[in-house]
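Read through the structure below, which is laid out as structure tokens, and then see the notes.
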Amino acid sequence: MPKSIQEIKAQFDQADPGQLSQLCALYGEDPRAGVQSLIKKVKKAQEKLEKEYARLEAMTEYEKKYPNASYICGIDEAGRGPLAGPVVAAAVILPKDCRILYLNDSKKLTPARREELYDIIMEQAVSVGVGIIDAGRIDEINILQATYEAMRQAVSKLSVKPDVLLNDAVRIPGLDILQVPIIKGDAKSLSIAAASVIAKVTRDRMMLAYDQVFPGYGFAQNKGYGTQEHMDKLKADGPSLIHRASFIGGILSGEKKKKSADYHARGSHYESAAAAVLEKNGYEILASNYRCVMGEVDLIGKDGDCLAFVEVKYRSSETMGSPQEAVDGKKQQRIIRCAQWYLMKNHLPEDTPVRFDVVSILGSHVTLDKNAFGA
């Protein structure tokens, strides 16, 4: 008695890829339309898979040019063009003969596919390094130099030194490694494609987090690019802490630019005054204007064995409320998250003594409030 169509389908479903051709041949003469439809579907999927493997093989052209290299590294970046957020570079070394299905230039992939490939790359790669350069540094040295810096940083974080760098269209200054710039390399080299996915997903995740810290700009959707929503918010309220001043000068009105510049200048003045007060009280200043994906902390200092995260608040008079009142619960939570990030990024023990202080400046009167709030 012949097998039912359902039984044959189950047989196909349970078969290894190498057995599918044999099953197609076995049931090729079965006259039932359901069986023939199943075979047609399987053959079409096989053809599609063969084309995908051929595409992947073509994307190893540059890797194959260096058969004696132990480690070939692909490098790419994400975030050169946005108005806000960091530029992120990734360096990825894949194993020889590695073929990750559907890996391609990150711009040609859906967000869901990128996330899926990110996990596969992180699992299969010999080594992955990521470099992140924030908006302040971009403004300081320009986006091109910041991109190079992010790429050097990514290479420095690899666990092994590569013999060859396959770069997406650039030659990175300051590296003593053979470099091969490839125009549109993220579509021509598997190694560069892998780097493009890691860089893109890393940056997109950061912008999703920034959207919670700086709401209204649409960072979760636009990733810092100049959409209408983003531009309207910029014009109405000015820039956030992660905007690139060198990118948005033409967007803001003269009044808004002056207001933004005055705000940052005043903030720097009061933070310097607060740092002087802390030092007089025995603090060692470790960082000022510390920025991370969770937000910003004005000052970080060491008071004995305790790590102090310090918020600085200024009021010209009490008619605007006290400086302490400005550090509300939402602001406190951002500072606490920044502190947790700082501990993690600096590999400090979880039981490191931590305190949250506030320096209040009311007119010319300065007050240090230790342990102003707790985690």
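Placement of Cβ uses the backbone N, Cα and C atoms for every residue, glycine included.
Bear in mind that the values here come from a model prediction, so they are computed numbers and not experimental data.
Positions annotated as coiled coil by TrEMBL: 32-62.
Per TrEMBL, domain 'RNase H type-2' is recorded for 70-259.
Within 10 Å of the C-beta of Asp168 (divalent metal cation binding site) there are 25 other C-beta atoms, taking all protein chains into account. Residues annotated as divalent metal cation binding site in TrEMBL: Asp76, Glu77, Asp168.
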Cβ neighbours within the same chain of Glu77 (divalent metal cation binding site) - under 8 Å, at least six residues apart: Val87, Val88, Ala89, Ala90, Thr147, Ala150, Met151, Asp168, Ala199
Divalent metal cation site, defined by Asp76, Glu77, Asp168: further same-chain residues with Cβ within 8 Å of the Cβ centre: Ile75, Ala78, Ala89, Ala90, Met151, Asn167, Ala169, Val170, Gly185, Asp186, Ile192, Ala195, Ser196, Ala199
Number of other Cβ atoms within 10 Å of the Cβ of Asp76 (divalent metal cation binding site) across all protein chains: 31
